[in-house]
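Only one structure is covered here, and it is reproduced in the block below.
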Amino acid sequence: MTISLIEAVKLIAISVVSFISIVLILRSSGKRTLSKMNAFDFIVTVALGSVLATTIVNYKASFWSGILTFAMLVTLQHVATWLSVRYKSVGSLLKSDPALLYYNDTFQEQAMRKERVDRNELKQAIRKSGYVSFEGISAIILESDGTLTVMSDSEKRQLEKEDFIFIEKQ
Amino acid sequence: MDIRQMSELFLIAFFSYVIVLFLLRLSGKRTLLKMNAFDFIITVSVGAVFGNMLINYKENLFQGLYVIFLLLLFQFFSSLLSSRYTFFDTLLKANPTLLFYEGTYYEAILKKERIPRSEVLQAMREQGIGRIEEVGAVILETDGTISVLPKEKSKENNLDTLQDLDKKSKKRKKDSDDDQFD
């Protein structure tokens, strides 16, 4: 494949213009757009990257529509988070509640089956947080962005089950 | 690009956003839990298909939605089966491997898994551990991350999170434990 000098220069210009547009779009929408708080945020971030890549590679066919698509996705994300902060019903529609998978030395079997998580995955989560045994663990929670939070015993002393108000009813 | 195209793009982006959001919400939190090598790839694939289908919506819109639906469906059933049947779990996932235990590097394993010692040390540092003597065990997890278990915690507790290690790792751990009593 050959690439002429004009094309090379054009490609540089295209990259610079798209880079600047993307920075402006993201900056105007705020940090929240790229934070990974629920299941959907990460997917949208990857989709943004994919749109940007296609826009630059196929700049002849789709440059401005690419930038517009990028702006559209960012706007939709912005509106969705804006609504979910203001209206509870929108928030619970967009985000699932965290689920308690292990508490008080017992596996919450029903919740584990419902969320399709097995015991080995809980062990892995414990090891990843640097603990070695279920003994020191008070609770394991599946968060709405799909990560597992491991809470150690020292936190248990201040927390009783009633304190886990953010956990959906089992 | 005229105004008609722009409003077309607007409608398409809006409706596919809602549909993909709905599909993800339907398949649950577990879909994005990064527990093995495959989970993360699927998540990135869904994002890439989503981006691509918006850019080339004229050709790829419905195809893209269908592919996302299928990816999430397969992911749903594989996690459903592996959380219910151990057979599928072992089929889909490797067991974790012990790389370092009580002061000994397992050289053959490090070579086989293609992990240099420097990366084991890096994993220790990332856990905030400065001395090798403070480390009880280092484990390569099924999603490719390295867990570091501190020693003082493994001394006072039994190591019940190590029950799912692969067979060879279990044997090495046992040999090493036996040595200490000699």
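Every residue, even glycine, has its Cβ placed from backbone N, Cα and C.
TrEMBL does not curate its annotations; it predicts them automatically.
Source: prediction; values computed, not measured.
Summarising the annotation, TrEMBL assigns transmembrane segment to B:6-24 (among others).
The domain 'YetF-like N-terminal transmembrane' feature in TrEMBL is assigned to B:14-77.
Distant neighbours of the transmembrane segment (B:36-55): 12-13, 16, 20, 24, 61, 63-65, 67-68, 71-72, 74-75, 92-94, 142-144; these residues of the same chain sit at least 6 beyond its ends, with a Cβ under 8 Å from one of its Cβ atoms. TrEMBL lists B:36-55 (among others) with the feature transmembrane segment.
Positions annotated as transmembrane segment by TrEMBL: B:61-81 (among others). Long-range contacts of the transmembrane segment (B:61-81) within the same chain: residues 12, 16, 19-20, 23-24, 26-28, 30-31, 39, 42, 45-46, 49-50, 52-53, 88, 92, each at least 6 residues beyond the stretch ends and with a Cβ under 8 Å from a Cβ of the stretch.
If you look up TrEMBL, you'll see B:85-156 marked as domain 'YetF C-terminal'.
Taken from TrEMBL, the feature region 'Disordered' applies to B:157-182.
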* **Residues of the parent chain within Cβ reach of the transmembrane segment (B:6-24), under 8 Å, 6 or more residues beyond its termini** => 31-32, 46, 50, 53-54, 57, 61, 64-65, 68-69, 72
* Structure fact -> Taking DSSP H, G, I as helix and E, B as strand, the domain 'YetF-like N-terminal transmembrane' (B:14-77) contains 58 helix, 0 strand, 6 coil
